[in-house]
Structures are given as structure tokens and as C-alpha cells.
Amino acid sequence: MNIFSGIEYKVLKDVNLDRKYDGIEYDSRKIKENYIFVAFEGANVDGHNYIDSAVKNGATCIIVSKKVEMKHNVSYILIDDIRHKLGYIASNFYEWPQRKLKIIGVTGTNGKTSSTYMIEKLMGDIPITRIGTIEYKIGDKVFEAVNTTPESLDLIKIFDKTLKKKIEYVIMEVSSHSLEIGRVEVLDFDYALFTNLTQDHLDYHLTMENYFQAKRKLFLKLKDINNSVINVDDEYGKRLYDEFIVDNPEIISYGIENGDLEGDYSDDGYIDVKYKNQIEKVKFSLLGDFNLYNTLGAIGIALKIGISMEEILKRVSNIKAAPGRFEALDCGQDYKVIVDYAHTPDALVNVIVAARNIKNGSRIITIFGCGGDRDRTKRPIMAKVAEDLSDVVILTSDNPRTESPEQIFDDVKKGFIKSDDYFFEPDREKAIKLAINMAEKNDIILITGKGHETYHIIGTKKWHFDDKEIARREIVRRKMVENVN
């Protein structure tokens, strides 16, 4: 098959271009003998600067998105808008593995990761590939995630490996960014779940309308829009549902307040699940409406796949939180420490409200920060949320990246109404220690922002930093001091 089939390209230099190639990469460090190197301009790195390195490593064909000096004895191909075309080249090279798979796409501001984990759980023994923020999993093999939705070339490689392992289903998080820049352009989805849409990524999308339109693209990529599952308690979900339901009557709507599929907390440790006028009481160990919403969405997808409600509800009882999602750390202390990925205003509301509902809880001590080089408009909103809903607030650092930490903190502080009624500790490790040392019996410490992440980004460098690791260490240290005294 011609790997350039279906796309416009211009041959700048032909050196045995029709040869059979052994691989394709956009990272020059991964290039081997007789590989194709794809050079494109990323947000921080321009691949055209690494052509020499790629050729040195064995590249025999260079795909460029702008004219360059052709000083090597290799083929050069010019392709405009290569980020959108890379998926076609990769698909041609790997013979379109995605067409032989059933792909479940999950999109929304919050809940994508938890939903993919829950869908996997509800599918029981069906082997799956799962792609998302925390990790990429192919059968029983787990790989570190680079992006929520990988580059199109990496996606196609994952699909190729999935097929070779005889796995049929792929569950993947689909970010708005990936929908906008073409990472999923060559995919047609079999099922799609919409969790919610709240403020985030406005540094990229600029407006909520643009953000919504990006998410909406997933549903236009469905083979059959009837295989949608949509949260209609969310205003944008309701809008999506209202648009599509007229011509697609089999869409499943869900929610706590409205929907074909409804759920609510009932007795302690149980939820009621209502579907087609049947109500079932199910044991449920997770706290917070956000976990209930994610579970309902996962149930909807499982139903669409063809799993019986009876089988689904048996598995609901065994659902556990994804790593770093409202994850409790138990080191024998008499106060609670919970780590959560919440880094948007809505997610912060959800975790604090969930903490409030914990039985015998006392004060809520919330640690939060805001990432650098990201949506600045959400920063004061998060401060207001933390102040309004918490008893104690500790403002700290959370991946400042290349932005001035002082600028980030200044933006955040504008949201505090009581100007001095919070703790400010820019050193995140010290902030965690401060919270643990001030905690009293039955207090609940919420360490938000990083969740599963094990790094802190300062400038362009990642430093090892694990909220859970530090919190456990400080809990144990405090207990040792108390035992001595």
C-alpha cells in the first residue's frame, strides 16, 4: 500500500521513495535504519531541527511541513498541515488496524479517567485496551501515558498492538485538544460518552462555546450516533442530547435528576439505579455525586455494548476509584487524607462537597494550586470555591511550568474575599506537611491538583514529586513524634 494514499503531498527529492520502509517516527531518537522521519512543529519543539539526527540514526525518508535544506541523500516529502495528515500516513503504514476494532470514546472536562476505569470494570473478563491520562494499557501490559490522547501515530501503533493481541475493544479518553488538532481524525468511534463540560482549557479554546464545539466533534465521528451516552444534568450535555435525539432515538441519557438512566444515593453504602421503570438497589463504596455520575455513564456504555443490567449491577459493587481520584491514604491516623486530581473549579467543588458528606468528618483542610501556562481565568474562581467550601485553605504551587509563580499566586489571590483567611505556602511539600501537622481528630485533608501524577514541572523540567508519597511520609513522621512524646 502507498503510505501517502489519500493525502496531498509533494515529492521534493526522490531517493528510491517506493522502497518498503521498516518504521515511522516523529521522534528522531526512535529512528532506526530505513525508517521514515516525520518533522512537524510542536508547541515547544520543531522537529525540522532534528532532521540531521534522524538521518544519522538511519532515516531514509523525511516528511516535512515546510521547505528545508535538502542536504542528505534521502527522500524528502512536503505535506502541509502534517499534524492532521500524520494519522493517514500511520494508518496506511499499519494497514488501518482501527477499522477492525470497537472503539469507545469518553470526553468531558471531568470524569474521563474514572469513567474509562469503570467501563473496563463493568466489561468483566472482556479483554480491553485502555488509553488515558494515567496510563496506556494493552491487555495486561501497562505503559506510562504521555498525553491524555496520544499523537495519531502513537494511537495507530497502540491499535496495531491491540489487534496482534486479539483484543477487540478499546476504551479511550478523547481530549478537546486531540479533537481540534487532528489526533483522532482517522478514527470512527463505535460508542461515545459525554461526562460534563465546565471551565477549563480556555487558554486554548478562548470561549466555552469553542470548547463545547471541540467536544461535540467526537459525536460527529460516531458510526451511529444512537450509540451515545450523555449526561443531561449538565447544561452542555443537555444541549448535545437535544440536538441529536430527534434523529437518534436510542441515545441513552443519564443523570441524578434526569435521564433514561438515573441514580441516587439511598441507604448508607448503597445507590438506587433506575432504568426502564425498574429500580435496583446496589452496594456502592464510592463517595460523591461525581462518582455516581461517572458510574451511571459507564453503565450506559456497558448497556450499549450489550451487557445485561443484571451482570452490570453485580460488577458495580466492586468498582473502585481510579488512582489519584478521591484516593484515601490510611496510615492508621485519626484524621483523613485524600488525594485528588481536581484542577478545575467544578472538580474542586465536587471533591470538597464529597468530603463534607463523609460520616464523622470535622474540618475540611484544602490544599490547592493552579498550573502555569494554563487558563488564567479559572484561578480566582478556584480560590473562591476553596474559601467558600473549606474550613482551612492552603494555597501552594502546582506545576508553574514557565510562568512566574508570583503571577500565578497573584491571579489566584484575587478570588479570596477574606484577604488574610488562608495559609500561603508556595513550597508544596511544606504545604502538605503544614496540613498534616495542623490536622485534628476526624479532620479531612484534601490534597488536590496532582492526583496520580508523580512530578512537579518547574520551567520545562519535570522533577519527581508524589503527593501520596510525601503525605504518607509526613503522617508516619507525625505519629512517631507523638509516640515519643
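Including glycine, each Cβ sits where the backbone N, Cα and C put it.
When Swiss-Prot records Asp398, Asn399, Pro400, Arg401, Gly449, Glu453 as binding meso-2,6-diaminopimelate, the matching candidate from Arg363, Arg374, Arg478 it lists for that site is Arg374. In this structure, Ser114 (ATP binding site) is part of a helix by DSSP. Fewest Cβ neighbours within 10 Å among the recorded positions Lys112, Lys215, Arg374, Arg401: that distinction goes to Arg401. Taking the binding-site residues Gly108, Gly111, Pro400, Gly449 in turn, the residue surrounded by the fewest other Cβ atoms inside 10 Å of its Cβ turns out to be Pro400. In the three-state DSSP reading, Lys215 (N6-carboxylysine) counts as helix.
Looking only at the recorded positions Lys215, Asp398, Pro400, the one with its C-alpha closest to Lys112 (ATP binding site) is Lys215. Gly111 (ATP binding site) has Glu453 as its nearest neighbour among the binding-site residues Arg374, Asn399, Pro400, Arg401, Glu453, going by CA to CA distance. Long-range Cβ proximity for Asp398 (meso-2,6-diaminopimelate binding site), meaning a same-chain Cβ under 8 A and a gap of 6 or more residues, is found for His343, Phe368, Gly369, Cys370, Gly371, Arg428, Gly449, Lys450.
Cα of Glu453 (meso-2,6-diaminopimelate binding site) to Cα of Asn110 (ATP binding site): a span of 16 Å.
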